[in-house]
Amino acid sequence: MTNYAIILAAGKGTRMKSDLPKVLHQVSGLTMLEHVFRSVAHITPQMNVTVIGHKAELVQEVLKEKSEFVLQTEQLGTGHAVMMAEEKLADLEGNTLVIAGDTPLITGESLKNLIDFHVNHKNVATILTAKAEDPFGYGRIIRNHDDEVVKIVEQKDANEYEQKVKEINTGTYVFDNKRLFEALKNINTNNAQGEYYLTDVISIFRENKEKVGAYVLRDFNESLGVNDRVALATAESVMRRRINKAHMINGVTFQNPDATYIEADVSIAADVMIEANVSLKGNSCIGAKSVLTNGTCIVDAQIGESVVITNSTIEESSIADGVTVGPYAHIRPGSQLDKNVHIGNFVEVKGSHIGENTKAGHLTYIGNAVVGSDVNFGAGTITVNYDGKNKYKTVIGNNVFVGSNSTLIAPLEIGDNALTAAGSTITKNVEPDSIAIGRSRQVIKEGYAKRLPHYPQK
């Protein structure tokens, strides 16, 4: 049987108190809407139809070719939102999943189980439900003595008995597609909210003696719909635990998983050690047996095997096997560190390629440079790459020794095996096997200090 999906993403999300559409707020590095789409993909829908409204263009920009779009100009309830998809789906045979775009914790496995349950029980409609300790605010699932679903009652419309029911409607459903759109023609706004409730189609099916079922989630957390920043933080917490648990099962050691932030698309090999307060973001990849210490932040970077990163930040760069970075180093976008490079404390590298076994131990800036292998940077070395308007390249050969407090003014080339004397300002190219000295001779004026204000007075 063919599957389709309707994703509800038209709401403003007033309680979020944000200029951004609710479904575009992020959980673990992805928008809530992207999380939903990844889960929906597990049912292999032939067509996704996203109902958009508030700031529709922003939602379209996130999804692009992943979905068809229909516009809901007025938000008149969930039933009204699904009506908007009629032009795309009404005449098609198959099953249609209806899901809200603000449910980032729902898993693909649960949606696949929901579809299978629906098909196996030959239902015209199947509701995804959950058991809640505190069901206040949720629509209740009302069953008869034969345990069949009779109706769904919203909180504001529920009587005293119905409000005690703990089985709640998650807002996710599967319908026979044609019967869904036929039933939608018969719902109205005669309720406390004055809206078109999608849940009213369940009552219509029951009145017609059609089969309605309910599939109960194993994990209540999956049912969370995010309506405010408190729920967003809850979703973030649950997702973080879920992601970190998966990495631990795959052989990653966490010093404190509750204090480690790893986004959804990060890849980590076995035998990696991650200390507390580490953040791994974007499409970062961490190689086997690497160690990330407290305070490290890695964004969209590729980290090799047996790398040690100590309390440092690495962005959009490639780090080869055996490299050590930090503490307090910053590897900025566009950098490549080859095998066994050492970048020490308070060193910044930007847009540079650094060859194997090169060392910059402390207090150094390497920007827009191509550096060979076995180079040593003395403390305080600066590549002067910017004149206020343009950036210039520094090229350093193999086995070069750069003396402490050298200032290398680009554009500049230093040949293999060359040396720059400590304290030099280098403005011209240095030939291989040469030493470059670019500093004034020391001058000593005996007794001159007595004339200066700092000198102790008798």
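Backbone N, Cα and C atoms are what each Cβ position is placed from, and that goes for glycine too.
Copied over from Swiss-Prot, here are the features:
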- 1-229: region 'Pyrophosphorylase' (REGION)
- 8-11, Lys22, Gln72, 77-78, Gly139, Glu154, Asn169, Asn227, Arg332, Lys350, Tyr365, Asn376: UDP-N-acetyl-alpha-D-glucosamine binding site (BINDING)
- Asp102, Asn227: Mg(2+) binding site (BINDING)
- 251-458: region 'N-acetyltransferase' (REGION)
- His362: active site, proton acceptor (ACT_SITE)
- Ala379, Asn385, Tyr386, Ser404, Ala422, Arg439: acetyl-CoA binding site (BINDING)
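Annotated features, which come from Swiss-Prot, shown on the structure.
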{"residue": "Ala10", "record": "UDP-N-acetyl-alpha-D-glucosamine binding site", "Cβ contacts under 8 Å, 6 or more apart": "Val51, Ile52, Gly53, His54, Ala56, Leu71, Gln72, Gln75, Ala81, Met84"}
{"residue": "Lys22", "record": "UDP-N-acetyl-alpha-D-glucosamine binding site", "Cβ contacts under 8 Å, 6 or more apart": "Gly11, Lys12, Gly13, Met16, Met32, Gly101, Asp102, Val226, Asn227"}
{"residue": "Gly139", "record": "UDP-N-acetyl-alpha-D-glucosamine binding site", "Cβ contacts under 8 Å, 6 or more apart": "Ile152, Val153, Glu154, Gln155, Ile168, Asn169, Gly171, Thr199"}
{"residue": "His362", "record": "active site, proton acceptor", "Cβ contacts under 8 Å, 6 or more apart": "Gly344, Asn345, Phe346, Val347, Ala379"}
{"residue": "Asn385", "record": "acetyl-CoA binding site", "Cβ contacts under 8 Å, 6 or more apart": "Gly367, Asn368, Ala369, Lys391, Tyr392, Lys393, Thr394, Ala410"}
{"residue": "Tyr386", "record": "acetyl-CoA binding site", "Cβ contacts under 8 Å, 6 or more apart": "Gly367, Tyr392"}
{"residue": "Arg439", "record": "acetyl-CoA binding site", "Cβ contacts under 8 Å, 6 or more apart": "Ala421, Gly423, Ser424, Thr425"}
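Model confidence over the region 'N-acetyltransferase' (251-458) is summarised by a mean pLDDT of 97. In this structure, Lys22 (UDP-N-acetyl-alpha-D-glucosamine binding site) is part of a helix by DSSP.
The Cβ of Tyr365 (UDP-N-acetyl-alpha-D-glucosamine binding site) lies under 8 Å from the Cβ of Val347, Glu348, Lys350, Thr381, Ile382, Thr383, each on the same chain and at least six residues away in sequence. Around the Cβ of Ser404 (acetyl-CoA binding site), the same chain contributes Gly378, Ala379, Gly380, Thr381, Ala422, Gly423, each under 8 angstroms and 6 or more positions distant in sequence. Neighbour counts were taken as the number of other C-beta atoms within 10 angstroms of each residue's C-beta; across the binding-site residues Asn169, Asn227, the minimum falls on Asn227. Listed in sequence order, Glu315, Glu316, Ser317, Glu348, Val349, Lys350, Gly351 are the same-chain residues six or more apart from Arg332 (UDP-N-acetyl-alpha-D-glucosamine binding site) with CB atoms under 8 A from its CB. Shown in sequence order, Thr189, Gln193, Glu195, Tyr196, Tyr197, Leu198 are the residues of the chain, 6+ apart in sequence, with a C-beta less than 8 angstroms from the C-beta of Gly77 (UDP-N-acetyl-alpha-D-glucosamine binding site). Summarising the environment of Ala422 (acetyl-CoA binding site), the number of other Cβ atoms within 10 Å of its Cβ, over all protein chains shown, is 16.
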